[in-house]
Structure formats: C-alpha cells, structure tokens
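Residues or ranges marked as domain 'G-protein coupled receptors family 1 profile' by TrEMBL: 21-279. Annotation source TrEMBL lists transmembrane segment at 6-32, 39-62, 82-100, 120-145, 165-186, 223-243, 263-282.
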Amino acid sequence: MESSFPFGVILAVLAFLIIAANALVAVAELLLIHRNDGVSLCFTLNLAVADTLLGVAISGLVTDQLSNPARPTQKTLCSLRMAFVTSSAAASVLTVMLIASDRYLAIKQPLRYFQIMNGFVAGACIAGLWLVSYVIGFLPLGVPIFQQTTYQGPCSFFAVFHPRFVLTLSCAGFFPALLLFVFFYCDMLKIASMHSQQIRKMEHAGATAGAYRPPRTPSDFKAVRTVAVLIGSFTLSWTPFLITGIVQVACQECHLYLVLERYLWLLGVGNSLLNPLIYAYWQKEVRQQLYQMALGVKKGLASFLLLFLARDGGPDVSRESSCHIATISHPQLDG
C-alpha cells in the first residue's frame, strides 16, 4: 500500500493533465477543421483523441493503486483495462507515424498531394489505424504466451502481460517504424534543403535583374521541424520502456518489473502529454486558435461580470463596467 499510493497519486495527476491538455487541443483542431477543411488537421485531431482516450484509460487504474491491496482487481477486469490502455497508446504512436507519412507525402509529392490524400483516403487511414490499434491492444488476451501465468494485484501492465509481448511489439513494430522515421526525416530534410537552394537562386537572379524578390516560404522546414520534434519525443518516451522490457525477457533473474512499471511505463505514457504541448507551441494555426478560444472565454467572463454588476450596482456602475469590459475584451495586439 505504501509503495502503490504515491504511484497512484502521480497516475491520477498525469491522467488529469493528459485529458485536459488533449481535450483543449482537440476542440481547437475541430474549430480549425470546420473553418479550413484540411485533411492533415484530421490526423492531428485523431492524435488528440487517442491521447485523450489514453488519459481516460489510465484513470481507471488509479482506483487500483489507491484501494486496499487485500482486495485487488480481478485478473479479467485488469486484462481488459490494460488492453484498452495499450490500444490507446498504440493509436497514439500509429497516429504519429501517420502524421510523419502525411508530411513526407506533402513534401515529396506537393503537386499530387491533394489528389492522393483526399477525405476518403484520410478516413480509411484513420479507421484502419484504430482497427490495428485494438488488435494490438487485445492481442495478449487471445495469445496465452503473452499472458502472465500468475496474477497478484494491484492491476498493472506486467501483472497481466508477459514481457514477451513487449519484445514482439518492439521487434515487429517499434524499431522497424523508427528506421522508417529516420528515412522519412533524412529525405524530407534533403528535399527541403533543395527547395531552399532553388528559392535562394531565384532571389539572387531577381536581385541581379533588379526585379522583385519574392519572400521565402519556410513551410517545408516547418513540416520537417514538427515531424522531428514529434518523432524525437515519441522515441525518447518509449525506447527506455521497450529496451528494458527486452532485457527482462533475456534476463529472467533481473527483476526489472518495478523500474518498468513505476518509472519507464510512466515515461512512455507521458508522451501523450507532450503531444498537445508540441502542437500548441510549434503549430502556428493551433496556437492562434487557442488564443482566440482564450479571448472568447475572457469575453464571456467579462459579459457575466457586466450582468452581475448591472444587477447589483445600478445603471451608473453598468455604464462604467461596460467601458472597462470593452477594453479588456478587445486588447491591443502587438505587430
């Protein structure tokens, strides 16, 4: 109980932050999709939804960590909970792969991108992604060698799933995908550098001829930067957990379960908190939409305050409050 209680508190705080941050970014993405109708925005929205579901899934584990250890959760219920956690985590990781592939296609085939990546293809990719995610998450329930032979609460990943499951995921999915990511990133960086060189040559030729110099378009480098940050955070978050899980399979006497479940698994789950922060900081459209949402909330609170003061203070206070609230509702923007 003493060792599980702090872990349960950390898990509860992490689940709350993951749900709140991703729900906020998901609302911003929905508003952007409604206004712009962009296919790539659907992928980032799917990432926020997957991370939100992961936060909801791990919140179900909090009660197991904080409850009486004399009455642990039944093995079947624990297996189902961990299957949903694994499915949501797999959906998050696969969506990062999908975003990287989408950006790679946009840079590699800029003229044909909108012909290839239409709404039907994007919907099919997202539907297939969730199907694969749930197959991965519920795979241990149908394959006995991926299950632990004995169960002792509280409910946790390795209480019901054997490290062989982590070994299979690492060798069949994670590390091949990581190599593919490296290829995508290097090729995207090469293409973006070529575009930049072409733009510089055109600017130099225009300057020599005395013509107008067109502004540079750094969108390729922005896409490369966003993909690099996403892949980097995903790699740093999950690689320690997967490698240590492989070590546990190779060394049965090592007993690394405490390190895996208390620290490295939390590090991997924490990637779902990094994803919305990355998009809120690096993506200009998301950042601007969040700013507009904050202004809307501020204006709504100001209107509520105006009604409250008008009811209690009379018309004179109402007029003064209207002038003051109009000032806070329409701030001056620099630049």
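Cβ atoms are placed via backbone N, Cα and C, with glycine included.
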Same-chain residues at least 6 beyond the ends of the transmembrane segment (223-243) whose Cβ lies under 8 Å from its Cβ atoms: 93, 96, 99-100, 103-104, 106-107, 166, 169-170, 174, 178, 181, 184-185, 188-189, 192, 260, 264-265, 267-268, 270-271, 274-275, 278, 282-283
PLDDT averaged over the residues of the domain 'G-protein coupled receptors family 1 profile' (21-279): 84
Positions whose Cβ lies under 8 angstroms from the transmembrane segment (120-145), at least six residues beyond its ends: 39, 42-43, 46, 50, 79-80, 83-88, 90-91, 94-95, 98, 160-162, 164-165, 169, 173
Other parts of the chain folded back onto the transmembrane segment (165-186), taken as Cβ under 8 Å at six or more residues beyond its ends: 93, 97, 100-101, 104, 136, 139-140, 146, 224, 227-228, 231, 235, 238-239, 241-243, 245-246, 248-249
